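Summarising the annotation, TrEMBL assigns active site, proton acceptor to GLU334. Feature annotation from TrEMBL assigns phosphoenolpyruvate binding site to LYS30, GLY112, ARG140, GLN188, ARG365, ARG406, LYS431. Residues annotated as 3-phosphoshikimate binding site in TrEMBL: LYS30, SER31, ARG35, SER186, SER187, GLN188, SER215, GLU334, HIS361. What TrEMBL lists as domain 'Enolpyruvate transferase' is 17-438.
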Amino acid sequence: MAPNPAHTALWPAPHASEAVAATVHVPGSKSVTNRALVLAALASEPGWLRRPLRSRDTLLMAGALRAMGVGIEETVSSSSAGAGGPDAGGEAWRVLPAGLRGPATVDVGNAGTVMRFLPPVAALADGPVRFDGDPRAYERPLNGVIDALRVLGARIDDDDRGALPLTVHGSGALDGGTVEIDASSSSQFVSALLLSAPRFNQGVEVRHTGSSLPSLPHIRMTVDMLRAVGAQVDTPEAGGEPNVWRVTPGALLGRDLTIEPDLSNAQPFLAAALVTGGRVMIPDWPAHTTQPGDRLREIFTEMGGSCELTDHGLVLTGSGSIHGIDVDLGDVGELTPGIAAVAALADSPSTLRGVSHLRLHETDRLAALTKEINELGGDVTETADGLHIRPRRLHGGIFHTYDDHRMATAGAVIGLAVEGVQIENVATTAKTLPDFPDLWTGMLGV
Ligand SMILES: O=C(O)C1=C[C@@H](OP(=O)(O)O)[C@@H](O)[C@H](O)C1
Ligand SMILES: C=C(OP(=O)(O)O)C(=O)O
């Protein structure tokens with residue numbers, strides 16, 4: 001088969017000849033949008049999502065829910081269209097829940113949220129739902145969801161690898177109950193079971209038995225969003241048993257939710273302020289959030305920037321120096337590529353820990369970052385659970401991205417400081433940030 005020209009196309013990453021000074025409006029959060037879609041689809045009344053992210057991962061989620069019978073109407077709303085308050089204008093999705101049905105086919109692309117959050121929804125559908133996706137999606141772990149759903153009463157046909165492709169034979173209802181899972185390869189296993197659990201006959205008790213659990217803020221996001229639509233959830237944090245989550249069965253409310261900007265997608269823009277000694281403002285940065293990207297305020301401050309959170313948003317100002325960092329990123333793994341890019345440009349070495357599960361993300365991110373930074377003259381080594389990065393003088397070259405949106409944005413950050421970096425397949429950023437090249441050149445004023 002001839003290679004897709006978009007996948008081999010090279011994008012000359014703009015080099016910054018001066019400090020950036022920009023305000024960047026970052027589109028909505030992937031993780032919040034896809035959870036909101038699932039919860040709205042399972043609710044007992046219509047709901048609104050305002051300022052949803054429209055990217056490959058969220059359009060795949062919306063398409064899959066539509067295939068199972070859910071109505072999702074795209075509208076340009078005004079604040080009078082619902083109870084969304086003064087910020088509610090702009091693009092919106094109105095979600096009209098309906099009896100979930102098969103037969104249906106779901107394309108998960110390479111979206112972890114789609115491939116993990118939807119099999120439990122499909123188990124509630126009346127009929128078979130077939131799941132398929134990109135070649136890489138076949139390699140990403142799904143066994144935690146498949147095995148758990150079988151214990152909870154679902155019938156699933158897979159090829160015994162515990163991965164895609166598979167068919168969930170929905171029977172219109174699922175018993176639910178208690179299940180043990182090892183979610184050390186992805187927090188999304190836990191989130192997936194909790195999100196649909198209010199609709200299981202007995203709810204769910206999820207007991208995580210693995211040695212570690214990545215991305216805890218994403219599980220908190222799941223719990224907070226469930227509670228916001230009326231679900232009763234017991235968590236380890238609320239004085240419950242360690243590693244045990246319980247969801248009580250019950251109807252979910254339709255909500256009017258304005259989606260926060262994607263703070264992980266704000267990362268390359270904030271990094272630009274750090275790398276060029278400039279200043280970038282991200283409007284609408286939430287004062288309180290479960291998004292892991294909020295940790296950037298602390299991490300980029302330690303690396304040499306200073307952050308100010310105002311009523312208007314977050315302002316990051318670079319000092320002109322970038323320092324190395326020794327940090328456990330287990331809670332915020334999706335920030336690793338962007339932090340590695342900044343670390344490669346720092347004045348001292350860095351150690352990034354706690355992220356062995358990144359080997360099973362969009363690509364093997366530890367191997368990909370090591371290879372691509374080293375091919376530009378860097379000195380990165382993989383450890384058992386992360387990366388050692390010793391900054392070197394880098395040179396231009398092709399930065400391969402392996403169909404990974406965060407590799408592409410990491411390469412763009414390096415390109416700010418290093419002339420002649422070309423990003424392969426920058427279009428892969430469409431997974432979560434379709435406007436990236438325009439937002440990037442807009443920030444730089446080129
Ligand atoms: O639940 C979510 O929305 C996510 C959880 C995390 O997954 P893992 O726990 O698999 O790392 C994160 O990396 C991913 O980008 C989004
Ligand atoms: C790991 C990521 O995505 P996914 O939701 O596909 O797991 C990511 O966006 O960095």
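Each residue, glycine too, has its Cβ placed from N, Cα and C.
Just so it is clear, the model here is predicted, and its values are computed rather than measured.
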Taking ligand 2 as the reference, state which of the binding-site residues ARG35, SER187, LYS431 have a Cβ closer than 6 Å to one of its atoms. none
Of the recorded positions ARG35, SER187, SER215, GLU334, the one whose Cα sits nearest to the Cα of ARG406 (phosphoenolpyruvate binding site) is GLU334
Far apart in sequence but close in space: which same-chain residues, 6 or more away, have a Cβ under 8 Å from ARG365 (phosphoenolpyruvate binding site)? THR336, PRO337, VAL355, LEU358, ARG359, ASP404, ARG406, MET407
LYS431 (phosphoenolpyruvate binding site) has how many other Cβ neighbours within 10 Å of its own Cβ? 22
Are any of the binding-site residues LYS30, ARG35, ARG140, ARG365, ARG406 near ligand 1, with a Cβ under 6 Å from it, and if so which? none
Here are the binding-site residues: SER187, GLN188, SER215. Which has the lowest count of other Cβ atoms within 10 Å? SER215
Using a Cβ cut-off under 8 Å and a sequence separation of 6 or more, which residues in the same chain sit near LYS30 (phosphoenolpyruvate binding site)? LEU53, SER55, ASP57, THR58, THR113, ASP262, SER264, ASN265, THR432
My understanding is the cutoff is Cβ-Cβ under 8 Å with a sequence separation of 6 or more in the same chain; which residues meet that for the residue listed as 'active site, proton acceptor'? SER215, SER264, PRO292, HIS361, ARG406
Between SER187 (3-phosphoshikimate binding site) and GLY112 (phosphoenolpyruvate binding site), find the distance joining the two CA atoms and give it rounded to the nearest Å. 10
Greatest CA-CA distance (Å) over the residues LYS30, GLY112, ARG140, GLN188, ARG365, ARG406, LYS431 that the record ties to phosphoenolpyruvate? 19
In sequence order, which residues at least six apart in the same chain have a CB under 8 Å from the CB of GLY112 (phosphoenolpyruvate binding site)? ARG140, SER186, GLN188, HIS361
Mean pLDDT across the domain 'Enolpyruvate transferase' (17-438), rounded to an integer, is what? 95
Alpha-carbon distance [ARG35 (3-phosphoshikimate binding site); LYS431 (phosphoenolpyruvate binding site)] in Å: 16
